[in-house]
Amino acid sequence: MSDVTTAEFNEEGKYLRKVRSFVLREGRLTKGQAAAMEQHWPAMGLDYSPEPLDLKEVFGRDADTVLEIGFGMGASLVEMAKASPELNFIGIEVHKPGVGACLSVAGEAGVTNLRVFHHDAIEVLENSIVKGSLARVQLFFPDPWHKKRHHKRRIVQSEFAQLIRNTLKIGGVFHLATDWENYSEHMLEVMGAAEGYKNQSLTGDVVERPDHRPLTKFEARGHRLGHGVWDIMFERID
């Protein structure tokens with residue numbers, strides 16, 4: 001689980017920039033992570049720029065692109081990239097050891113269709129991603145901010161939903177997953193009210209975990225203990 005930002009939102013879901021949590025909790029890299037950063041960042045790292053990325057130039061090809069917000073240590077993101085070599089993958093993570101771990105695993109796996117940002121997701125989405133360019137955006141297990149007084153810090157808010165919508169192609173999908181039922185209800189409420197989206201669930205709520213999202217060790221342990229995980233997928237229709 002990883003924080004992307006501690007930004008708060010007002011009652012209308014308006015994004016308000018705040019001091020970001022990763023400045024306070026930046027951890028030290030292990031020797032392996034530091035070595036992976038040095039070895040693999042030149043090929044897989046994306047330096048933040050307020051200018052939109054040319055995805056064809058970045059990946060050297062035209063292909064559908066999947067972006068994941070807050071990939072943690074990156075194991076599942078690398079697994080997805082390896083399983084779908086026909087797709088391009090971009091990951092965003094503010095926790096530097098996570099970026100180093102992801103690059104280490106990606107290097108060992110030999111994936112060539114993955115690029116990563118070590119930066120704030122909101123700024124990347126606002127400035128670095130061409131509008132209407134993504135086939136899928138993934139937000140898996142964001143901080144649930146489970147105390148009610150902290151709900152306004154949850155990243156899934158109305159303005160955020162529209163920010164994601166702007167990056168998606170028509171027909172592109174915003175895929176969310178959480179292991180907090182209350183947050184899944186919040187996600188469904190926000191996304192259900194968001195303009196330009198359609199829930200892919202035939203029952204209007206959650207979907208079964210799709211094959212493209214790997215089962216994490218944490219999630220598998222939760223299943224054994226009877227804990228739930230909720231997958232939510234909304235398609236951009238307008």
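From the backbone N, Cα and C atoms, a Cβ is placed for every residue, glycine too.
Copied from Swiss-Prot, the annotated features are:
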type: BINDING; residues: Glu68, Glu93, Asp120, Asp143; note: S-adenosyl-L-methionine binding site
type: ACT_SITE; residues: Asp143; note: active site
type: BINDING; residues: Lys147, Asp179, Thr216, Lys217, Phe218, Glu219; note: substrate binding site
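Everything Swiss-Prot records as a feature, shown here on the structure.
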| residue | record | DSSP (3 states) |
| --- | --- | --- |
| Glu68 | S-adenosyl-L-methionine binding site | strand |
| Glu93 | S-adenosyl-L-methionine binding site | coil |
| Asp120 | S-adenosyl-L-methionine binding site | coil |
| Asp143 | S-adenosyl-L-methionine binding site | coil |
| Asp179 | substrate binding site | coil |
| Thr216 | substrate binding site | coil |
Densest Cβ neighbourhood among Glu68, Asp143, Asp179, Glu219 (binding-site residues), 10 Å radius: Glu68
Binding-site residues (Glu93, Asp120), the one with most neighbouring Cβ atoms at 10 Å: Glu93
Separation of alpha carbons, Asp179 (substrate binding site) and Asp143 (S-adenosyl-L-methionine binding site) (Å): 10
Distant-in-sequence Cβ neighbours of Lys147 (substrate binding site), under 8 Å, six or more positions away: none
Nearest of the binding-site residues (Glu68, Glu93, Asp120) to Thr216 (substrate binding site), judged by Cα-Cα distance: Glu68
Greatest C-beta neighbour count within 10 angstroms, which of the binding-site residues Thr216, Lys217, Phe218: Thr216
Nearest recorded site to Asp179 (substrate binding site) by CA-CA distance, among binding-site residues Glu68, Glu93, Asp120: Glu68
Cα separation, Phe218 (substrate binding site) to Asp120 (S-adenosyl-L-methionine binding site) (Å, whole number): 25
Residues Glu68, Glu93, Asp120, Asp143 binding S-adenosyl-L-methionine per the record - widest CA separation, whole Å: 15
